[in-house]
Amino acid sequence: MGITGLIPFVGKASSQLHLKDIRGSTVAVDTYCWLHKGVFGCAEKLARGEDTDVYIQYCLKYVNMLLSYDIKPILVFDGQHLPAKALTEKRRRDSRKQSKERAAELLRLGRIEEARSHMRRCVDVTHDMALRLIRECRSRNVDCIVAPYEADAQMAWLNRADVAQYIITEDSDLTLFGAKNIIFKLDLNGSGLLVEAEKLHLAMGCTEEKYHFDKFRRMCILSGCDYLDSLPGIGLAKACKFILKTEQEDMRIALKKIPSYLNMRNLEVDDDYIENFMKAEATFRHMFIYNPLERRMQRLCALEDYETDERYCSNAGTLLEDSEQALHLALGNLNPFSMKRLDSWTPEKAWPTPKNVKRSKHKSIWQTNFQSENTHTPKKENPCALFFKKVDFVGKTLNEEIEANQRLEQAKQTEAELFNMYSFKAKRRRSPSREDSVDQERTPPPSPVHKSRHNPFAKERTGEEANQRSPVVCENASLLRLLSPKKASPLDGEAGVKKVDSLKRSIFAKEQVQIRSRFFATQDEQTRLQREHLRDTENDDMDEQKLSSHSGHKKLRLVCKDIPGKNPIRQRCSSQISDGETDTDTTASSLLESQDKGVPSPLESQEDLNNSQPQIPTEGNTNSTTIRIKSLDLLLENSPEPTQESDRNNNDAIILLSDDSCSSDQRASSTSSSSQQRQNFLPTSKRRVGLSKPSTAKKGTPKSRTNGKLGAVSQNQTKLSMFGFQTKPVLK
């Protein structure tokens, strides 16, 4: 029954299917397959001639299962035997007769188990058994149709006419009739194997462009079918190889080349085989079926479609001229073999439905107003991670769903916004142009804690918070950032000061961030406390000496005219310059104390002291000027004679490098005079700060040190040129 090995051969074109995947569709069922399975369970009773309905209940299980999945079944039964299958049917009858005789003999011998196997083989499904099932289906409003000849051709037409979207069968011959979707091996769990005609080229191993269904049909006929036996040694594999190799459309010429193409020299292909091959192909194409929509018999495919000679259609059946007889045959009221009338049921009559029986609610194909709804069920697809919501375009809430979808789409971010959020953009750091004119308007520098800076944890500050002094921030371990007064806030707090040096990694705006070295955090505090204690002790001793020796003289203080305001710590440092403390030590310690204690630095507190100091009369100013001149003369007379080394120190002043070149002119003018005055009476021995080492040169033999970039360096100067100090001429 069918083509041997065809279902495994088409494995690449098949897939697993469950009935829930085709919910709401219509299926055509080869009912004789169910009847043969049902008869297998009650073969002993049927062989003995006992009455049973086991096979009926077996078929109804499948019917109820289909109805539970909202699937409309159309049960199709076989009709008359074709002349082409006369030989096949004769062999089947002989086999059943032999099995029946063997079963009776085994029962007489008492070998019951062996007799049962033969009894199953000898049982045949008759039309009377099929009629009992048809009556049960009528009570459930399930359509049944009896084909004029083969049920395979009838089901293929229903599938191609889109009356049924799927076909359920166990006969592999159905694929040769051109069915689109066939379900094999359906069980009571609802699982089956779906074979799709559009994927058959995968089973043949050719591309879709070179594939045609006629090639598949011819391959199956060559391998052997119900209408034609195969040639010796020819199966599906060799038949497929030959069909793919030949390009001849006329099979009468191509079949003669089989021995040479398949390298089978002993194989003979006679004219009788070629004639039977053409008849078998015409039978699969042009078999008669019954059209329930038009209530008439017709061919599966018209002869004009393939330009087939009618003489090859002798095995495809004959047309019944009486349309009324053809209708009752299709309804199951006639015996297809004897044409004896068995029932008089018509679709217009209502069939009584027993209680507790599930009735189908689908429209019958026998109704005159029946039309194919063309409701295609979507095919089973691979599971997808995305969830697609089904939109009902016929419902009343169509506009609401569209508006909701539009709101969701508008709320989503655009592609450009997403790229802007997740893409890394390296920003260029551009050095501002050097402008000679100071009066030209400059845009204020951006905030140093802007999001684009390298510090991702900094927070933006408002206008009020920006005016306040920010706490000390340890940015790196550079000694230059610790000792350079240029890193403090600008002198006058001017807005619009532009940073020029592009080599620095971070640019800080005025009064926003102070830089403090982490390296000298602990050592600087200890050094500052020691120096403060020494200065206090020396200050007390010197006060006692001055009170005893110079009781008549007034205590004089050096006041830098360019820097009128100083904090108390800076005043104490400047008053004790002559006691051995260097200007560099005093400046560094004062800066450190101002940063640690939160006291403004001397340069920063200049503007505040100028505003807070009361106005002194002109006469007082003259007296103070005279006192300063006299005190300077006394100090110059008491000071030792300067050496060549000290002269060079007097002519030079320590200038600190900074990133802020715009404010360097103002700072240099404010500190040049005071630096020059302090350098005039600096002692030869100086205290070293930071990483500097004491000089190893012998006393009395001064040796000038040179620097490749900064030139000659004074011996008395600290070794801080590596951190940004250099010697420059004092601005006059």
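Glycine residues also receive a Cβ, built from the backbone N, Cα and C atoms like all the rest.
Database features (Swiss-Prot):
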type: REGION; residues: 1-99; note: region 'N-domain'
type: BINDING; residues: Asp171, Asp173, Asp226; note: Mg(2+) 2 binding site
type: MOD_RES; residues: Ser431; note: phosphoserine
type: COMPBIAS; residues: 432-442; note: compositional bias 'Basic and acidic residues'
type: MOD_RES; residues: Ser433; note: phosphoserine
type: MOD_RES; residues: Thr443; note: phosphothreonine
type: MOD_RES; residues: Ser447; note: phosphoserine
type: COMPBIAS; residues: 457-467; note: compositional bias 'Basic and acidic residues'
type: COMPBIAS; residues: 525-537; note: compositional bias 'Basic and acidic residues'
type: COMPBIAS; residues: 572-593; note: compositional bias 'Polar residues'
type: COMPBIAS; residues: 608-625; note: compositional bias 'Polar residues'
type: COMPBIAS; residues: 703-716; note: compositional bias 'Polar residues'
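Note: the region 'N-domain' (1-99) comprises 59 helix, 16 strand, 24 coil (DSSP; helix = H, G, I, strand = E, B). Around the Cβ of Asp171 (Mg(2+) 2 binding site), a 10 Å sphere holds 20 further Cβ atoms from the protein chains shown. Counting Cβ atoms from all protein chains shown, Asp226 (Mg(2+) 2 binding site) has 21 others lying within 10 Å of its own Cβ. Asp173 (Mg(2+) 2 binding site) counts 19 other C-beta atoms within 10 Å of its own C-beta, drawing on all protein chains shown.
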